[in-house]
2 protein chains.
Amino acid sequence: MPGSFGYVETRRVVLFTEDDPLVLSSGATLAPVEVAYETYGTPAPDGSNAVFVCHALTGDAHAAGHHGDPARTGWWDTLIGPGKPIDSERLFVICPNLLGGCRGTTGPSSPDRTTGRPYGLRFPHFSVSDLVAVHRRLLAHLGIRRLYGAVGGSLGGMQVLQWALDRPGEIEHAVLVCASSRLTAQNIALSAVARASILGDEHFCGGDYYDSGRNPDVGLSVARMLAHITYVSERGLELKFGRGRLREAPTFGVDFQVESYLEHQGRSFLERFDANSYLYLSRAMDYFDPFADEEGAVERLRDSGTRFLVVSFDSDWRFPTAHSAEIARVLERAGCTVQLEEVSSPWGHDSFLLEVPRYHELVAGFLGAAVAVR
Amino acid sequence: MPGSFGYVETRRVVLFTEDDPLVLSSGATLAPVEVAYETYGTPAPDGSNAVFVCHALTGDAHAAGHHGDPARTGWWDTLIGPGKPIDSERLFVICPNLLGGCRGTTGPSSPDRTTGRPYGLRFPHFSVSDLVAVHRRLLAHLGIRRLYGAVGGSLGGMQVLQWALDRPGEIEHAVLVCASSRLTAQNIALSAVARASILGDEHFCGGDYYDSGRNPDVGLSVARMLAHITYVSERGLELKFGRGRLREAPTFGVDFQVESYLEHQGRSFLERFDANSYLYLSRAMDYFDPFADEEGAVERLRDSGTRFLVVSFDSDWRFPTAHSAEIARVLERAGCTVQLEEVSSPWGHDSFLLEVPRYHELVAGFLGAAVAVR
């Protein structure tokens, strides 16, 4: 039986200082940059067993184990732990909170040392490459030079892809789950509506809401409810809720079960996420387009030696299989070893967070764990 | 060459008075009820050429012709007019604004005679059956007892279906374009997010914003932008905009072409639509479920003599072909003559408003016009 990693603590480290600032791809600089991260398992003496986990839009460093309550585990606890597909008995797993986030790593809610106040919208825009640059600094801080594996779902997979391009050969096994190399116009449109909702909230105050005692809660919860619809499949919602009702006669409250579920998703999100972080990270996704120069990408990847596992889910309508297939197409052009797999699951994009057996077998097999055959 | 109907005026008529109020399916009463409507063509002496047009969620009575500027025609001017599929040289076409609307027919922005102030959220909830009851009263006012045809797209098609059920035999030819007999959990979820955005707007004021000088514009425009994404197809957005950009470097403004388009959709909607009307009409759609008692529906439709044309578009993801097929399935169980057609078009749900040749041919053929072979 695979077990839980048990109690873990989130650590923090200052990776960039005013003397040694983070130079963003835009040319802007940022300092200090502190990063929150967790690790699971033990590094091999030669650092050869490191697996880097990149989180998605609203994730955090707490991927596995628990912080005191064994019932409340990290967001990828089903995937990471002793005997699990990312086996912490064998692998040394690292998961940081993203630059621009709000869960311990420097982001728009962090104090700007030049003013003493939170950055708000004065935080610089950053790219997925910049996220990777911070990851690499964390890796160096941990004394690791090369990754046995890098794993991510959605925006997490985009970071893994960018890393493979920015530093060819640094990753031995790259796992991209329901990722994309390029948001479609519809993807961008949905992000734009979420941002319009946040930016238009009466309490947004141009991003300087931190000291006002009020947050743009309506805007952020609407953004989250909308995004959540794209994370689950039409069929999944139908299976769970159908047209189940909580009332007989119409109101503008919560009449249908699916409305109750959505409202809960919106409300609970407010406790853990910052509206400005949402704006910055979603915008970085819009601009992500690492194959815009496809020939350049193919050249960079050639002879990198990185092996890829690219997984999609058949009910994912945020980043359908076509997105994964497009990634695989370019990787194959570069001569990379690519395993492209579409997994059947009714749960849409969110499947990457769930215990879908075939998906877990694929990750375990690719990373060389023996879970699948136990 | 089919021509335009030319100059038209919207007329208004009080159909229900305090002595003769509209009794809603909830049992609530409403009076007065005034209805704005337009007509095109000339009624036959025996009233045998009447075609009733039911508009969708945000339509109005101005379906064809123009109000003075020949360049600005009604929303279905491509379909209705001399020599067009709904041929005003042969047919007498009637199109009213819906109950609960905001374009001339009594709705939440109308004055409540008991208070002298706009109803706001004191307006009663109503069903699609109630919309049909008002349509039927307008028809009686015009001296017409039976319809040669009833035609509607989306919510308009839902009204046609309800009419066929509520008054079996009253419609000879029923045309349902990208309609549904039952919103899915995902459909309801998307509506719920749109409503949450309106209800949470700082200027919504519990629906009593009419005298405040401010409207819930942010909430309503976000609702419209979101809805608009569901009206167009992913492929349509990709063909029109792709990842085309207006800026080089990221901002939280309008960076991508698709964002500019969406913002325009949201902003221009504010000039023509009322937030409370949006709430009421979208809620009526959520509750629409005329086949909940399928056996009862089959019994009512049996021997009605109504012939049905049910059209869907292959790129419509708001009400995909499965919704139309489900309608046809029940109609066929009742022994009705049903022509179910899926038309290919890249433009999604909005195709019903556009000049898609095969679709126009189907409507013309079904209503007996000779357009298709000209």
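Glycine is no exception: its Cβ is also placed from the backbone N, Cα and C atoms.
Sequence annotations record features per position, and here TrEMBL assigns active site, nucleophile to A:SER154. Residues annotated as active site in TrEMBL: A:ASP316, A:HIS349. Feature annotation from TrEMBL assigns substrate binding site to A:ARG224, A:ASP350. If you look up TrEMBL, you'll see A:50-355 marked as domain 'AB hydrolase-1'. Residues annotated as site 'Important for acyl-CoA specificity' in TrEMBL: A:ARG318.
Here the features listed in TrEMBL are painted onto the structure.
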residue: A:SER154; record: active site, nucleophile; Cβ contacts under 8 Å, 6 or more apart: A:ALA56, A:LEU57, A:VAL177, A:CYS178, A:ALA179, A:ARG318, A:PHE319, A:HIS349, A:PHE352
residue: A:ARG224; record: substrate binding site; Cβ contacts under 8 Å, 6 or more apart: A:ALA194, A:GLN265, A:GLY266, A:PHE269, A:PHE273
residue: A:ASP316; record: active site; Cβ contacts under 8 Å, 6 or more apart: A:CYS178, A:SER233, A:GLY348, A:HIS349, A:SER351
residue: A:ASP350; record: substrate binding site; Cβ contacts under 8 Å, 6 or more apart: A:TYR231, A:VAL232
A:ARG318 (site 'Important for acyl-CoA specificity'), number of other Cβ atoms within 10 Å: 23
Mean per-residue pLDDT computed across the domain 'AB hydrolase-1' (A:50-355): 97
Protein Cβ atoms within 10 Å of A:HIS349 (active site), excluding its own: 26
